[in-house]
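As written in TrEMBL, here are the features:
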- E273: active site, charge relay system (ACT_SITE)
- D277: active site, charge relay system (ACT_SITE)
- S477: active site, charge relay system (ACT_SITE)
- D523, V524, G542, D544: Ca(2+) binding site (BINDING)
- 203-564: domain 'Peptidase S53' (DOMAIN)
Amino acid sequence: MHALDMAQSFLSSPYVQMKYSHQLRVPPSFQPLSESHVLKTRIALENQRVRLTFALKHRNTEWLTKTFERVSNPDSEDYGNFLSMAQVAKITAPEDSHSKALFQFLNSIPDVHITHLSKHLNFVTVRMSVKSVDTFLKAKMKPFVHKDNGQVLFRSIEGFALPLQVAPGIHTVFGIHHFPQYRRMVKHRRPLLQAKDLSESPITTPQSIWKRYNMTRDDLNAIPFPKNRQAIASFLGEYYSPKDLEMFQQAFNLSRIQPIVNGPNDASKPGIEASLDIQYIMATGHNMNTTINSIPDEETADPFLDWIALLQSQGEECAQVHSISYGAVEKYIPEDVQMTLDYEFQKLAVTGRTVLIASGDDGARCSEDQNSFEPEWPTSSPYVTSVGATKPSNRMVYWRNYSLQEEATEWSGGGFSNAYSRPSYQNDAVTSYLSQPHLPSPKYFNRNGRAYPDISAFGVNYQVMHQGKFESVDGTSASTPVVAGMIALLNDARMRQGMKPLGFLNYWLYKKVALQQLNAFYDVVFGNNAMAPCPGFPATKGFDVVTGWGTPNFEVLKKIALEQL
């Protein structure tokens, strides 16, 4: 059939309004572009080309969810029986008929250019004109401008539709109804505090972290298992400097090792986020094989989607542990976008991968009307491990043969999801926490939602080498790579004894570690994550939604990790 005839055939067929596609919420940082502004800047709206990614539906999603739980839960006979990336891709690949219908549809659009097909065959990225999006996807795209940087995005506030032949196989289309509003989780930057000996000063360094969390030289100097890898994600134009990393390693007497970079890296423009992430995951995950998964800074795209596609392309070379220091307000992420990426998180877990995500730097996060909290995403997903941050305390806690001077920071993200119900592995811990006094009014939060964070680590005054000088940095961006490096070391110890990596952590944390071995965590019992004018959640004995189970006692975690079930 001729392309024009095929196009007419699709246009004349019934269209199906896509579920959730009307869920566009315009973030406060964007506003509609006025007609006068359009004329002034001479933007020919119809001819503007946009990037869209069609997410094809997975097959066997029920199998995926059940397998995710079986291989992740220490109570299951299948615990640790992970599949390969290729096996999971084959089992969950889209139906051939769905793929065929989509490509026939795309090939009928006169100006479409297919730019990428993901390795798992479920993401198809194209570029096409706004006019074609309006015509063939019934989207009514409108321009929106960012109030601060002038960035222009085209989005549809009325949703979109697909032909009847195509719609059944499509989960969603990225680039039509979702504003990528991701932020770095770096809270503060300050000049270096003066100290004669960095390793002995009160500021946060690799040595102070090792001492604080009971990491020994034997742990840190182990010869890495060849197939064990750790990785950071770099979004939003965040690059690292090999020279800065080498200077950092020299200053703290660390092994001089450089990471592998997958994706772009402009070493002349190092970002503080990327510098923090790579320097400290390599400080706690010392000597481990390390990867940076760098995503091009395309402001109209969703970096998490591109990150997933990059991991798919790596196959079995994909790292076992991933640290992510980016997130967005949950309510601005449409449900279909969340669901699409949640399946990908489950696929990573089924293959034995661990994903740790910073809990955010806005505390409980007060809504504009001051009547509710606004949780973060994707740290609120029940398929990832959420990491909060602590700070120094002048109050000493004595518990199970240790002493601790840490408390929750007021800015560490934590609370209850409005998008996800509470997962089963959290039932006992969260029920106990909700019985505590001094919680915020129930009007502020969804007591039945997924609680986060799961664990925490120290998050203030990190010394980061940036453009040849040390800077002091705070944030859950600091605590997350620190924990990730520790998990990589635990995996390394397990793999050298013929065991599998830990994979998705939360069942293990809540069921095996926290409830059976409380001294695996330093319990943080002071602090509150209130950010005025709203209240916040208090830290308490045991699990709480400010610090999770607390901060890691590495040697105890290692002992538990090496126990045979």
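Every residue gets a Cβ built from N, Cα and C, even glycine.
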If you average the pLDDT over the domain 'Peptidase S53' (203-564), what number do you get? 93
Of these recorded positions, E273, D523, D544, which scores lowest on Cβ atoms within 10 Å? D523
Would you count the other C-beta atoms found within 10 angstroms of the C-beta of D277 (active site, charge relay system) for me? 32
Please identify, among the active-site residues E273, D277, S477, the one with the smallest Cα-Cα distance to V524 (Ca(2+) binding site). S477
Whose Cβ, among the recorded positions S477, V524, G542, has more other Cβ atoms within 10 Å than any of the rest? S477
Please report the three-state DSSP label of G542 (Ca(2+) binding site). coil
Beyond D523, V524, G542, D544, what residues of that chain have CB atoms within 8 A of the centre of the Ca(2+) site's CB atoms? F521, V525, A539, T540, K541, F543, T547, G548, W549, G550
Which one is it: of the active-site residues E273, D277, S477, whose Cα lies the shortest distance from the Cα of D523 (Ca(2+) binding site)? S477
Using DSSP with the three-state reduction, classify D277 (active site, charge relay system) as helix, strand or coil. helix
Given the active-site residues E273, D277, S477, which one's Cα is the least distant from that of G542 (Ca(2+) binding site)? S477
Quick one: what's DSSP say for S477 (active site, charge relay system), helix, strand or coil? helix
